[in-house]
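Asks: Heads up, here are the entries from TrEMBL:
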type: TRANSMEM; residues: 69-84; note: transmembrane segment
type: TRANSMEM; residues: 104-124; note: transmembrane segment
type: BINDING; residues: H122, H272, H276; note: Zn(2+) binding site
type: TRANSMEM; residues: 130-149; note: transmembrane segment
type: TRANSMEM; residues: 170-191; note: transmembrane segment
type: TRANSMEM; residues: 312-331; note: transmembrane segment
Amino acid sequence: MATVVPEKLSRLFINVRQVPQLLAPLSPSPVSSSEVPKVFWKPYIHTGYRPVQQTWRYSSTLCQQHNEAINVWTHLVAALILLLRFQQLSQRVDFGRDLHAQPLLIIIVASITYLTFSTLAHLLQAKSEFWHYSFFFMDYVGVAIYQYGSALGHYYYAIEPSWHEKIKGFYMPAAVLLALLSCAGSCYAKYHQSTRLLSRLCQELPSGLAYTLDISPVIHRIFTAPPSEQADPALLYHKCQVLFFLIGAFFFSHPYPEKWFPGKCHFFGQSHQIFHVCLMLCTLAQIEAVVLDYESRRHIYSTLQGDLAHNFSALCLFTVTCSVLTAAYMARKVK
């Protein structure tokens, strides 16, 4: 009996020593760009990539250090903040019965959607090449929905009557068309990465045109507001959202600062991370501006928009459907 117990303890000790070896495959360390397919490569980022063909458990782990971690957390935090803001608003805004609250609901849900889809894309895309494409196609669907929500929020609440009179005949149909072109162009650019100039043109031109149209009611209001309204909190938030977006657009299009420090920005300091932070701040400022406009400009937008909120909701559903079908078609081509 005395010899059996030490033998069992010895076996237990050996098994305990083997635990790190058994767990090691569950959490492989980041690897260099030469160890992942080319589709995962980023300019001037030489390491910090997650190895592909790992388990979903590994791919979905939030507490890992890799070159996508900051991109995951920035938009995840923003989505959680907006969920909390939505919960607070639902206590004083009757989204179900107030017809004029429907566009506000759409832009909040659209913002949460694009932030969530972006979080999932950056978190799960390292599973494989197919899932890399598929999750980023889903990300572009979220962007298209957000573009439509932004256009609607600005057109419905922020617009001045003089600008509304000039663009009411084409603004919303053009916003839908450009949102769909932005989704399709981004999917095409992702699918054909060999021609970088054409890919950037397909992705950035529709998005740039969409933003120019979507923000036009805000820009018009900023430049035509009388001095007495320049201190309006909603207007200040609108100015902040424009500033954050323009800064973010620069870093989206230019690989700085990693181009200045090649091989030094594997985990922190990438241009896309700065773009994410700017877009996060832009969205939060935008939502606050739209909420303030909803609360303080009812006498303006109720007269301008009448009972068109249901039509705008139908256009939103059309945009979502077409965007999802586009992404599904491109994912099928990849597969």
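Every residue, even glycine, has its Cβ placed from backbone N, Cα and C.
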Asks: Count, for each of 69-84, 104-124, 130-149, 170-191, the Cβ pairs lying under 8 Å from the transmembrane segment (312-331), and report the range with the highest count.
Replies: 130-149
Asks: Any chance you could find the range in 69-84, 104-124, 170-191 with the most Cβ pairs under 8 Å to the transmembrane segment (130-149)?
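Replies: Out of the listed stretches, 104-124 contacts the transmembrane segment (130-149) most.
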Asks: Quick one, of the binding-site residues H122, H272, H276, which Cβ has the fewest other Cβ within 10 Å?
Replies: H272
Asks: For the recorded Zn(2+) site formed by H122, H272, H276, name the remaining residues of the chain with Cβ within 8 Å of the site's Cβ center, in chain order.
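Replies: Leaving out the recorded residues gives E68, I70, N71, V72, T74, H75, S118, Q270, Q273, F275.
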Asks: Using Cβ atoms and a strict cutoff of less than 8 Å, what residues sit near the transmembrane segment (104-124) while being 6 or more residues removed from its termini?
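Replies: Sequence-distant neighbours of the transmembrane segment (104-124): 56, 59-60, 62, 68, 71-72, 75-76, 78-79, 82-83, 85-86, 89, 93, 95, 131, 135-136, 138-139, 141-143, 145-146, 148-150, 152-153, 157, 276, 280, 283, 286-287, 290-291, 294, 312-313, 316.
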